[in-house]
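Visitor: The structure's right below; bear with me while I get my questions together.
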Amino acid sequence: MTLSDFIGALKDNPYFGAGFGLVGVGTALAVARKGAQVGMIFFRRHYMITLEVPSKDKSYHWLLSWITKHAKHTQHLSVETSYMQHESGKVHTQFDFHPSPGNHIIWYGRKWIRVERVREKQMMDLHTGTPWESVTFTALGRDRQTFFNILQEARELALKQEEGRTVMYTAMGAEWRPFGFPRRRRPLSSVVLESGVAERIVDDVKEFIGNPKWYTDRGIPYRRGYLLYGPPGCGKSSFITALAGELGYSICLMSLSDRSLSDDRLNHLLSVAPQQSIILLEDVDAAFVSRELLPTENPLAYQGMGRLTFSGLLNALDGVASSEARIVFMTTNFIERLDPALVRPGRVDLKQYVGHCSHWQLTQMFRRFYPQESAAEADHFSEQALAAHTDLSAAQVQGHFMLYKTDPAGAIKNIAEIKD
């Protein structure tokens, strides 16, 4: 049989024709599928825009709230429960619903936007125990302005929720995270210090904030340190909280006695503190004591703890690598226990004693709690209080007034009970 006869026989064979047809169809489908994939990749790269936001980014929680507001009709939700316990013991619980992990479609700016929330089950934040997440926005077109508008709107929504409130931050790992609910701003007038003390500190802070160019022109590091010292309960921390409210600043709380705090971590945290915030280091005497004291004079409660060294703290406050545009407040009950190197100018630029209540302070506090009473009654209360006790703290006086909220006469009559 010749070759031409063999080929002719194959053409006449129905089984061979059917098989060849199937191979052809399969090949065509495979080519079409690959072409569709390549075409989709080309289309997504050139005619679609994507924005990915990881959970560690500061805007992540802003965007979750924004998605919740715009994806009102989604039926796939996750809940975030928060509660706050009042001093009376009553617990207020709040449930916040967010779109669950998965795909959601949102109509925004006259276009459809696909929102994909992904939760990584294999990875989690070691400090909070929460899984790592990300949110990806996908939209048609090549205009980035849509995503800028979304981020700006999410930011404004978050700031509106914090408007008129003081946000507290605490150090979690290598970053600052909000601590609890934003608090209502405390009026500066609600903290009564000795005459002229509050004004001196407020004027100094405002002068520092308003003159960054003065520091730059003279080559002076743009940072400011304050030390408030005095007996406990006299209003040091309360004044700092009220000052933050007056300035519209947040507060970053840091404990130097934290065993996980190292030199590098402290330096990093001070460098990445939120803008327009006050860094508060409370009771610095509890972490470090003066090197001039004898070892026998150092109780265990005041020995250095953790991995943070004294030199590391000094370098973080004003070393070569220390950050600028920073306001640091330190408080202590025992200034004599602090090392002179810690409180020298450059690390502490202004030291202020906040002591027991004077006659003027007692008068002002009485008039604030009982505005309907005369100045003579307020003066009489102050004289009686100082005659009974010469070392009254603001916390003790306020606690006494709380027992006689509507009874100023009782507050004066029972002044002897103020320390009981």
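From the backbone N, Cα and C atoms, a Cβ is placed for every residue, glycine too.
Dumping what Swiss-Prot says about this protein:
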- Gly230, Pro231, Pro232, Gly233, Cys234, Gly235, Lys236, Ser237: ATP binding site (BINDING)
- 1-15: topological domain 'Mitochondrial intermembrane' (TOPO_DOM)
- 33-420: topological domain 'Mitochondrial matrix' (TOPO_DOM)
- 16-32: transmembrane segment (TRANSMEM)
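I would like each feature placed in context: is it buried or exposed, what are its neighbours, and how far apart are things?
Guide: Sequence-distant contacts of Gly235 (ATP binding site), defined by Cβ-Cβ distance under 8 angstroms and a gap of at least six in the same chain, are Val191, Val192, Leu193, Val354, Ala394, Ala395. Secondary structure at Gly235 (ATP binding site), as computed by DSSP, is coil.
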Visitor: Neighbour count, 10 Å Cβ-Cβ cut-off, for Pro231 (ATP binding site): what number do you get?
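Guide: So the number of other Cβ atoms within 10 Å of Pro231 (ATP binding site) is 16.
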Visitor: Neighbours of the ATP site Gly230, Pro231, Pro232, Gly233, Cys234, Gly235, Lys236, Ser237: Cβ within 8 Å of the Cβ centroid, same chain, sequence order.
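Guide: Nearby residues not in the site list: Leu228, Thr331, Asn333, Val354, Ser393, Ala394, Ala395.
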